[in-house]
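Heads up: the structure comes next, in structure tokens.
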Amino acid sequence: MFFDDPVLMSRLLTILTLSFHIFYATIGVGLPFMIIIFHWLGIKKNDLHYILMARRLAKGFVVTVAVGVVTGTAIGLQLALLWPNFMQLAGHIIALPLFMEVFAFFFEAIFLGIYLYTWDRFDNQKKHLLLLIPVAVGGALSAFFITVVNAFMNSPSGFELVNGELTNMNPLLAMLTVSMPTKVTHVLATAYMTVAFTLAAIAAFRLMKGSETSYYKKSLNVSMKIGFIFAIASAIIGDFSGKYLAEYQPEKLAAAEWHFETEERAPLILWGILGEDHEVKYGIEIPYALSILAHSDPNAEVIGLNEFPEEYQPPLIIHYFFDMMITIGMFMLALSFVFLVARWRNWSFVDKNGYRWLIVMGAPLSFLAIQAGWWMAEVGRQPWILRGIMTVDEAATTAAYVDVVFLGFVLLYLILGIGTIVVLRRMFRKRSIEEDLAYYSGGDERWA
Amino acid sequence: MGLELIGITVLWLFLFLYVIVGSIDYGAGVFNAHSILTNKQHILSKVIQRYLSPVWEVTNVFFVFFVVGIIGFFPDSAFYFGSILLIPASVSIILLALRGSYYAFESYGAKGHKGYAFMYGATGIFIPASLSVVLTISEGGFVSFENGVPVLDYTALLTSPLTWSIVVLSLVAVLYISSVFLTWYAHKTGDMKATALMRKYAIIWSVPLIVAAGGIIFELRNHNIDHFESIMQLWWMFAISFVLWALTLRLIWLKRHFGAAVWLMIFQFMFAFFGYGISHYPYLLYPHLTIYDGFTNEAMAISLIVVFILGMLLLLPSLYLLLRLFLFDKKYVKGKRE
Ligand code: HDD
Ligand code: HEM
Ligand code: HEM
């Protein structure tokens, strides 16, 4: 139809589905964790506000889970439909974590079902809270296992390659690859960070609109604190990810940094425009920073992109993805740090609308950072689907009509995306927090 | 028993479980939509909602389990089926996605919109139909090879009587399974009107079920004589299935032991499903792919089986808890707890 090349269309469809799923997946990892915190605070402090936060968030969670589940199911099938050659190969080596992931889903789905429909069935509220722990663990495990698969694609191991044939498979070693520790932890930390900042953004927004102040203030303070903790964790682990890349996937780091010549004391270049002959204009240059990121040593040598044959060089656009992620990471770190200091010192500028707008911006920015991080990690693996073993071209389906299917999914995601927003808005509008508070505090022990 | 057989048995069992729980879910959606159209909504909606709300996500995981499992145990099937199923499977995914998300949207967001209920019911017809096409394809005769890559012949597929008889069987089975189950469930809730209505549906769909199933065996004789002959060798399994069907119908007819009727119905389908599966052995895709040449390496097979056993140790108690809280809890079922 409009694009006949099945490889290109398979790539576009994969990007589309994963990028859409990752929104919901991130929420699926981070939100149950935040609900646990609120619910626990509520029980400990005997504070209706926190209990209500947990309860209202849990209601919204159902909607995002539903879309997370159906888009996840779409990826699961699409991997085989779009990359049949890859899945045939991968099935032999890396099917184990995918299979484990299904059990994580099962676990999460069962307990989420129970948690949601049993708010009023336990006499002891703590027992009900316990039900949420398997949900949070299941969400984190889903992310864990799928990221293990992705780590394998970046640094395959656990088998031997003899004359182009895979032999001597070890499914466990295939899960424990060199890129796994940094990848898994970075993905988890950034998911928690993103959801915390998203809740902070909602609270800040409601505060500006003059909603129930003490409820949203509490929510804002807790969320910013947790966001700050995970922002630090993300940055530290991100630094380790950089060191991993320098050691095992130097071409990706070099492309992300527009670092062409191997050199010592390498500077880090942020943003900028690539001119002719690979010279960078208008960039922000931080001396020694790349050497530090890559090897923790300002004098260290960092391998440049020119060392690699042209057909194995990743697209240079990942520079922008990388910078987007780092800039946003630093910005959120600073934003939450200033907020916490200001709270501690009783400075009031953080309660002004100007600052609150920045916090509101934090939600879309954090999600953008997640997307940018994945784009950089996945596009930076090009041309490989399984680094060093199989390229994207070899893996893709040859079936016709991938473009038609692509259009179908664009439509589907449009419907799901708009549906999510409309339903969530309606849900929280229908019952404002003021109404909920009045309803639950009327001497009625419904929630306890 | 070889690892291949263990693998395919586990997968077939999970596919069977999905067929049962999925059918209940799909059929319920159809009945719900039908009752809204005929203004009998007040009779059914409550019963259906109470059962469906907590379990739809779990139903979906059975499906995901089968897909991931078959790629794990039989990686070559990813290559064969992945290459040919792009269009039919994408249609199924899109329908599944619309169904799952609109279920959530409608139950938690905009209640009672007729259009949603209607669409929800329609997906309950189209999803089983589109999924059942995979069974047809695996009978062989629709796939050819171009440059070593399998290609699906859509014209042959869509004009084959086998395709359509399998589609019809899948639809009738969905409605029958669902109505037998919901008869029992409505009876448990003490809702006489809903019980009577569901019982009527169960009886209505029972005869077309047997006709459609018989029709497929007949069609197979023209289409895949090998398969037909191995079905004939397993005639006793299908005979047992038939007897169980008659017993189910009898209980429903006599309005007795609706719970036992559900079990009989489940065993009826189990015999038929496994009879079909065993007679299909050893092919995954006739005649190109068998479970032996598509099998994974031994190390992976063993680790998958170990993980499966560990996973079940975790799952079975959790599933039991879910069923106890929602399916067997008297107060919840009767709607006294919301
Ligand atoms: C909120 C999101 C977010 C934020 C603020 C950051 N990251 Fe990140 N980053 C991700 C979200 C992310 C991610 C989406 O989770 C990625 C994509 C692939 C992966 O493993 O994690 C990722 C990948 C990723 C990689 C590539 C790993 C690979 O390809 O194997 C590196 C080198 C970094 N990050 C480094 C950093 C640094 C130095 C940060 C400094 C603050 C940083 N990240 C902040
Ligand atoms: C089994 C696991 C996976 C497979 C088979 C897979 C495969 C692929 C392929 C083939 C591409 C297209 C490459 C390209 O167009 O450059 C891609 C891109 C992408 N993948 Fe992965 N991937 C997997 C895991 C993940 C995971 C866990 C994520 C996290 C969300 C992810 C995120 C992305 C993103 C964001 C892109 C878009 C990159 C681009 O613009 O090309 N992938 N993936
Ligand atoms: C190749 C990439 C991926 C595949 C094949 C995949 C597959 C799936 C599937 C099949 C489901 C639905 C499970 C169900 O039926 O309950 C799902 C849901 C989920 N996925 Fe993904 N996924 C991928 C990427 C990711 C990533 C990168 C994350 C986390 C960072 C993630 C986290 C989750 C979570 C938490 C859920 C549970 C649903 C929810 O709570 O929203 N997935 N995924």
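Here the Cβ of each residue, glycine as well, is placed from N, Cα and C on the backbone.
Since this is a predicted model, take the numbers as computed values, not measurements.
As written in TrEMBL, here are the features:
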- B:6-31: transmembrane segment (TRANSMEM)
- B:51-74: transmembrane segment (TRANSMEM)
- B:80-105: transmembrane segment (TRANSMEM)
- B:117-142: transmembrane segment (TRANSMEM)
- B:162-186: transmembrane segment (TRANSMEM)
- B:198-218: transmembrane segment (TRANSMEM)
- B:234-253: transmembrane segment (TRANSMEM)
- B:260-279: transmembrane segment (TRANSMEM)
- B:299-327: transmembrane segment (TRANSMEM)
TODO: Answer yes if the transmembrane segment (B:260-279) and the transmembrane segment (B:6-31) have at least three CB pairs under 8 Å among residue pairs 6 or more apart in sequence, and no otherwise.
DONE: yes
Open item on the list: Contact between the transmembrane segment (B:80-105) and the transmembrane segment (B:117-142) is defined here as three or more C-beta pairs under 8 Å separated by at least 6 residues; is that satisfied?
Closed with: yes
Open item on the list: How about long-range neighbours of the transmembrane segment (B:80-105): same chain, 6 or more residues beyond its ends, C-beta under 8 Å?
Closed with: 29, 52, 56-57, 60, 63, 116, 119-120, 123-124, 126-127, 130-131, 133-134, 137, 143, 149-152, 154, 284-285, 288-289, 294
